[in-house]
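Contents: one structure, followed by commentary.
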């Protein structure tokens, strides 16, 4: 006959709740999972299902949720999840910024679309780069790797009353400059060619104003930009995979002491 044990039930809730806090914090900042198109109820269900799976492999936690230690652990889980998600978001933000620069140089900044995630108008080229990057991330099984990296954090930083090393935040800041540099270098040839083209158009307009080169400037920059993108797109996936792997190596060592 089945006997209900209230203490075992409370212990089950504790072991389900604390991992779910870290998972929900990751979902709030990590790429793909932080999409506004995914309903909050779906995210909540996913978080508790993943937490239930993870809890089977983790040490048991017997700390009351509403105690002082429990509140400190909740804050710690939120910090770990948010930090991990923001670290993964760096690649998308940096490449997204590069797309905005190219769009501005091509004269496509006026062609904007409303982005539901950022609640702002963004250029069509930036939307294209963002969607392309998301598809590459899925093709690379980035969503699975993200959950695997999250599970590894439960091994390196178990659910208990500990204090995060402040150097972790410095690691993320130092890593962000390398990611932004790699992302700019990824699209650097297009940026340089467009810059030289705009500079040449400006010089020609000053040397021979009767030609009225500025009337053709927009058409020329747009055409050259499209041609450059045509030759650049085939090498874009392999370059992004290199950046993804660099992110993977960094995340594996982020929470290691």
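Heads up, the Cβ atoms here are built off N, Cα and C, so glycines get one too.
Taken from Swiss-Prot, the feature transmembrane segment covers 12-34 (among others). Long-range contacts of the transmembrane segment (12-34) within the same chain, counting only residues at least 6 positions beyond its ends with a Cβ under 8 Å from a Cβ of the stretch, are 43-44, 46-48, 50-52, 54-55, 58, 60-65, 73-74, 77-82, 84-86, 88-89, 91-92, 117, 134, 137-138, 142-143, 146, 150, 153-154, 159.
The transmembrane segment annotation in Swiss-Prot covers 44-66 (among others).
Look at Swiss-Prot and you will find 79-101 (among others) tagged as transmembrane segment, backed by sequence analysis. Below 8 angstroms of C-beta separation, residues 21-31, 33-34, 109, 122-123, 125-126, 128-130, 133-134, 146, 149-150, 153, 157, 164, 168-169, 172, 175-176, 179-180, 182-184, 186-187, 191, 240, 243-244, 247, 250-251, 254-255 of the same chain, each at least six residues beyond the ends of the transmembrane segment (79-101), sit close to that stretch.
According to Swiss-Prot, the transmembrane segment annotation covers 121-138 (among others), on the basis of sequence analysis.
Residues annotated as transmembrane segment in Swiss-Prot, with sequence analysis given as evidence: 145-164 (among others). Here the transmembrane segment (145-164) has Cβ contacts under 8 Å with residues 18-19, 22-23, 26, 30, 32-33, 50, 54, 57-59, 61, 63, 69, 72-73, 76-77, 79-81, 84, 88, 248, 251-252, 255-257 of the same chain, all six or more residues outside its ends.
Here Swiss-Prot flags 179-201 (among others) as transmembrane segment.
Same-chain residues lying 6 or more positions outside the transmembrane segment (214-236) and placing a CB less than 8 Å from one of its CB atoms are 102, 105-108, 132, 186-187, 189-190, 193-194, 197-198, 201, 205. Marked as transmembrane segment by Swiss-Prot on the basis of sequence analysis: 214-236 (among others).
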Residues of the parent chain within Cβ reach of the transmembrane segment (179-201), under 8 Å, 6 or more residues beyond its termini: 90-91, 94-95, 97-99, 101-102, 105-106, 213-214, 217, 220-221, 224-225, 228-229, 232, 236, 239-240, 243, 246-247
